[in-house]
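> The following block contains the structure, expressed as structure tokens.
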Amino acid sequence: MTFEWIQVPYALATLFIILNYGLLMTAVVRKLAARVGGRPGIPVWQNYIDLVKNFALRSKINHGVMYYLGPVFRLSGGIGLILFVPTIYGSSWAQNFSFAGDLVLALYFIFFGTLGMALGAGESGHPHSAIGVSRGLAQVTTAELPMALAVYSLAIQYQTLSITEIVAAQQGGLFNWTLFTNPLAVVAAMFAFVGTMMRSPFDVVLAPQEIPIGPPTEYHSAYLALMQTNRAIFPIAKTIIYMNLFFGGAANWAEFAIKVFLLYMIPAVIGVVHPRFRVEQSIRFFLKWGLPVGILAILTV
Amino acid sequence: MFSFKPDRSQYPAPGPDGKLQIDLETGKYLKLWQGPNHPGITGNMSVELTVCGDEVVEGKTHVGYLHRGFEKLMERRTFIQVFPIVCRVCVPEPDFNEYCYAAAVEDLAGIEAPEYAQWMRTLILEMGRFNSYMMFLGGIGGALGLGITGQWMTYVRDLMLDRFEELTGARIYHMFILPGGVRGHLPEGFEGRMEEVLDTAERYLADIDRVMFSNSVFKTRTKGVGVIDPALFEPYGVTGPNARAGGVAKDLRKDSPYLVYDQLDFEVATATDSDIFARATVRRADVQTSIDLIRQILKKMPKTGPAMAKIPNVLHWKIPRGETYIKGECSRGEYGYYLVTDGTGYPRRINVRGPSYTHAMALLEHLIPGTNISDVAALMVSLHTYPPEIER
Amino acid sequence: MKDVDDKFLKNLDRTVPLREELRPRKVTTPDGQEIEIEPLKDYFCEAAPKVHAKSYFPIVEDFYNWARANSLWILGFGTGCGAIEMRPLMTPRFDAYRYGIQWRPTPRQSNLLMISGYLSVKTLKRAIRAYEQMQGPKYVVGLGSCTINGGMYWDSYNTIKRLDQYLPVDLYIAGCMPRPEALLAGFMELKKLIKAGKCEGANKYAENFATYKANQKSVIKDWDMPDYNW
Amino acid sequence: MRDIHALLKQRHRLGPLEPRKGGLAFVTVPRENLRGLLLELRDTHGFTHLVLLTAVDWMEDGLFQLTYMLNNRGRDLTLGIRVMIDREEAQGDTIHDMWPTAATYQRELKEMFGIDFPGSPRLDEEFILEGWTDLPPYRRDFDSLAYSQQTYAERPGRVTHDPREYMKSKLYPDGV
Amino acid sequence: MGLREVLTPFTVWKHVFDDPVTIKQPIGRPAAERYRGFHQNDLDTCIGCGTCEAICQNGAIDMVAVAGYDPEKGNSGLKPQIDYGRCCWCALCVDVCMTGSLTMSNEYTWVDTDPDAFRFVPGLEEPWKDDEEGYEREGKRVLSGIERIHMEEMEPEARIGNFDEIVAGYSRAEAILEADRCVECGLCVATCPAHMSIPDYIAAVRDQDYDRGLQLLYETNPFSEVCGRVCTHKCEGSCAALHEGDPIAIRWLKRHIIDEVPFDRRIELIGQPAEPTGRKVAIIGAGPAGLTAAFDLARAGHGVVVYEALAHAGGMMRYGIPEYRLPYDALDRDIGVIEAMGVEIRTNCRVGRDVTMDELRRDHDAVVLTIGLHMGRSTRVPGTEGAGVEKAVDLLRRITDGEKVPLAEQIVVIGGGNVAMDIARSMARLQKAEFGKVGITLTALEDIDHFLADPEEVVESREEGVKIFDARGPQEVMRDAEGKVTGLRTWRVKSIFDAEGRFAPAYDQSDERVHAGSMVIEAIGQAADTSLLGAALTEALEWNRGRIKIDTAFRTSEPWLFAAGDAVKGPDVISAVADGHRVARTVMEKLAAREVAQ
């Protein structure tokens, strides 16, 4: 695929849509969770106000270069993921910078933010951050393991590492989705999905009752605003990958919105009604359930 | 399979005096403060943890953040003036202070509260116990990341607070049990409204059973964690549900019946495992007992009768020299007031024996070493301690 | 009110020595280096707080204030009894989230410090540090009698009486303790004040820094922290 | 309770038993007999539960009263054991080896009354107070109000009138 | 980990379809009906007793003056101001409030940026002033006693046959219980003419410290035996406790103290008088005012001689009050203490007859005139002249002196004051002894609620068989042909005073009634017998409506002559005692300033 300048504004437009979608949708999900508890919860536009508020704070404390770069890396992880993942299949402009090996790059970007965060949070000097980071790295590594295996399985199945091609292969009906063609890989990948969305039972990284609130403990003001922006973009971007790889992608924005929402709701539904695992319990969980399924997916493909 | 065996070679060795030799400057250990500003801590206190990896090697409880010097302030106040401040000793379950203090004063002054007041006090205490358990069931879920229980239980507690409000005139500090009796009678239609609350509570408790007690993740986190050896109960002064979770069926309501508990019908709940899960289930069963008791009391209590015994003019009430100790089974164990009078209009000394005092200090410090950082909060919540009654 | 007897004055001026681990000393690092450390200087920044100007354009400042008012993040620090009435606010019955009020566990991300009732000296020290770690503009709300004039602990040796001596307070809510409904009314009032640009406590704190510090040090006898912790 | 008292009276030089209602009684014992008494009560008579340990300041008599409240849970008996110690050189005997939880009580007594318990763990660590320089606050010669008035500023501007004096000043200012 | 276990938790997601249970409009949600919210005070009911301030353990309440509310009898005019920087809403102030004026609304929202704003006087202008809901105590107050401790009295049947003292006096236990009811507000002190330190001596009773109690009594009143029995106890009419129950039995408690201290101990406690100053004061009339002045002056070391016309000292206390109310030995003990201070009492020494005013003036540095009111007044209705119509004071004096007084089987008494009751009850006793039955009819202008006599006097009179007809104006003493009294004709009284407040009774002539009786006793008031002054002095003095005019310091227009007591002011023992103190003080000031004419 050749590079064209027009892709830049197209990609930015996609980014913009996804940012807003993310801000609104995370609020809606929070409202749904709140309703289970019996309350209305935050207004849907609350995320915007919080974002503005954090940018509007007057004072900032900097703990060093990496501290500053942490949120930047994190955000670039999210944005990078978006930029290299085709959002709408067949759309002329929402293709972003997808290319033949974009799946590998996407996997890299998923991890990139976490690493950046680790560096930044580590420099903030707060022990809770440090503990959170070490927990995060340990857990995300094991949680991504089934994902990596599932992707491997997929690569074998579809004989490509291009997301667009994988999506294309799933077109033409519900039963062409990877969900049905390679269910074991999907199960393995969903382990990873649930495990990395920072919701119970796999949210020991943030665990407010233990290490409030983990890595971002020291982050505030604009730094926090950057992370909030990322928090709106990154999960959506990640969900898009899963959608593209396993659930047939989206051919238009409506399908996109519905599929992402439903996918996003999976960890939310689990999270609301479960306490969290300890870090070694969740690692054990992924090694015990996720890893074998992933291996099985490769073997049975 | 996949069993973790932590590498304990790095851990500090005990020195000649039995204490761990922890040299923070080696960089092997990390000091971690949980609290006072920390969501995982029950109230305003702190635990100073020394961790090695994810494992805690030493824990020290620090209290005093809520110290108001109650026992000193009480010595400065007349017997009636002590009445409004006692309830502040324990915020989530204040009524026990009122009862114990009132009963202690009555004992030394030779006053007998009327029968209606005795029933009313029992009702208030059970309502308070219910509320306290609501805090616990919400808290234990919250400590493990299951925030939804806290939402429901606080809601149910709010409903009960409404009943408190219409009965006593206040939400949190009821100040209803005066030395000599209680301040008023049941309002019109109270039984019906209480029944609604209890029904709602039972519905939500059924949800709690589904989402918490039958939740496999919850079980994984709590079973076998934070076990108190029943042999430690006596040396560490463990009472109440914490002891009952270890199979010790001791409940002052049964063993040393006070108020009208001898006219009520109930069973003492126990469990055997003495771990966090057992402590939670014992309390879950106790909530049901409380609900049943409230229903029984409302059915059996006299409809009318004097609420107050005749007491001397409180502005210059003097009580002859003496000392007494009044105890009761609160939601956390044995609660007691030790009152010493010297014949003047002021108490000579009041000592509050809160169960949290032993549970959160000596016992917690004994239990913490060897646990995972993640379990500290749950362990603490499972002991059900309220800091204000530790430091008073 | 009786006069103070002189005999009680004897122990007031005594100072408490600095804890050992905070004194300057030499330590050996894990890799065998010997370095000198001075914990109070090394671990903390001593820079005094600065007065932060408002935005140059009033309309921008108004917009910011609107956002600040509608996104109140409260530090979940229960300093006293009143904290128990916070819980109903976070939960279904009163649900403050619908008003844009949320709780944060870390002072860095909080804008509003609720002093929920009496402050013992020990907690005052933590509350001051929590306040100083918060980022401006930041607000303090005092709950109940205790923060106004000592409340029922007016004769206690361990609790302060006037919160405004130690921290700039934006708003008081009467009650012992204030009910959740009263707290919500207080939040609404605070929102109005913020929108009107009247909550400049952080700048007030910076301007009167010396006075506040003197007051704080007069009650906290073991001052083992830097004067300002950001 | 009376049987136990009769049994132990001679050996531990107990004072007379002062029963109160509901299985509660108090008894005084000399300090040197305390340990033996506690051990025997705990090991032989089932008083295994240390309910509380606290002190009462009898300043006028120059004494501190230490109260050890023991409970026999099986028989629902509570015995308050009083030990009188000198107020000037306040010192008690630690019992943390019998009940580990007593160490906490002893820490509190040390801090709040200034009563020493040699050998008790972490006795000198700050427990509840922080940076306290004055007299131990639970001693009766420590005046909480005076301390509070000197240390913590109060909101000024309050005046009150005694009704009797006020009426005098208004109605019969010359006193007749 | 069964599948069921994995799936069960998800069932609670059903709540996502429930409506939120959140309260839609929480701000301003009304609290429960009994809620202890912000304070309310009914300022018109509040008496400013300060009990709320006394019980507040937070020091949250100040008693402050509020414009428009001035001190008056039984009301200090102060109002509670509450500091919400202190209050803990325990409502002890509401429970202890003596009048029930202090209550709480169920309002609870008060937000302010100014910490000094949280102080207010409830009842003035707070928005929740008139809220109906909120905490009020259930029933009457329980934190202090409502009911007076019963005083043991003789039964009417037992007492009517003799002149024995009716009231037994409190036992110690009873006195402690009664004293315990007092809240020590001190509102009574201003009402007491002598401003006795009532709360303090009640506290002494409570503490069983009778020595202190006696000293307190003698600070302000040397007639505690008398006042402990027959005082009009206006203090009890201003007692804070009467708003929701019985007032404290202040009079009986005073008597209890004096009963508990033996005579010798009293002199010991009071101590010796000051060194003699060499000044001499003459006092004319050994009544309460004169003897009180004598006591004060003698304590200060002045030489005091009291001139008494009758055979015994005591004045109206002896000759006006029947023995069943005030036994003579009790009065003698009071007088004995005064004599022990060095006061010389010359009885049977009538000024004007046995000694002249001029001699007194010559021999003394000052002369105090305390002659009281010993001349009975007459209604002057037709028929009062002649036999069968007597004046109450005369009869009482004669009874005291042991004289035989005229008696009839049916007697009509005119008057509704204490003297009327005294004579009615005295005559009843005599009738009982003489005829074996009581036949007394009492008529008075006032209606029963406005009788000048103490209520208990009225009650006891009725118990003893006196028939009382209130609001009856005497019109004529009916006499038969022989001039013997047959009864009293009365009209019903419509009003006693006219619009200007002058005495001008209006009658309903249609309601006429004849009260049968063969003797009529007038007990409608007394006048002073000033004949002792002599013509010259009478001329020299300034007068005011038939009374010697005095200034506020009890000086007459003659610089050496002072006057006090009923003769110039009235109307009862305790006022006379108070006057005695005041006149003594003036005299002493004058003596000290050497202004008295030499």
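Cβ atoms here come from the backbone N, Cα and C positions, even for glycine.
This is the feature table in TrEMBL:
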type	residues	note
DOMAIN	E:37-66	domain '4Fe-4S ferredoxin-type'
DOMAIN	E:78-107	domain '4Fe-4S ferredoxin-type'
DOMAIN	E:173-201	domain '4Fe-4S ferredoxin-type'
> Could you break down the residues of the domain '4Fe-4S ferredoxin-type' (E:37-66) into DSSP helix, strand and coil, giving a count for each?
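Across the domain '4Fe-4S ferredoxin-type' (E:37-66), the residues distribute as 5 helix, 8 strand, 17 coil.
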> Are there residues at least six beyond either end of the domain '4Fe-4S ferredoxin-type' (E:37-66) with Cβ under 8 Å to its Cβ atoms? List them, or say none.
31, 74-90, 92-94, 96-108, 110, 121-124, 126, 128-131, 134-135, 143, 183-185, 187, 240, 243
> Using a Cβ cut-off under 8 Å, which residues of the same chain at least 6 positions beyond either end of the domain '4Fe-4S ferredoxin-type' (E:78-107) come close to it?
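Counting only partners 6 or more residues beyond its ends, the domain '4Fe-4S ferredoxin-type' (E:78-107) has Cβ contacts under 8 Å with 30-66, 69, 115, 118-124, 127-128, 131, 133-137, 140-144, 183, 185, 240-241, 243-244.
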> In this predicted model, what is the average pLDDT of the domain '4Fe-4S ferredoxin-type' (E:173-201)?
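Computed over the domain '4Fe-4S ferredoxin-type' (E:173-201), the mean pLDDT is 89 on the 0 to 100 scale.
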> Report the DSSP secondary-structure composition of the domain '4Fe-4S ferredoxin-type' (E:78-107) as helix, strand and coil residue counts.
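Within the domain '4Fe-4S ferredoxin-type' (E:78-107) the tally stands at 5 helix, 9 strand, 16 coil.
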> By DSSP assignment, list the helix, strand and coil residue numbers for the domain '4Fe-4S ferredoxin-type' (E:173-201), in that order.
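Output for the domain '4Fe-4S ferredoxin-type' (E:173-201) reads 17 helix, 0 strand, 12 coil.
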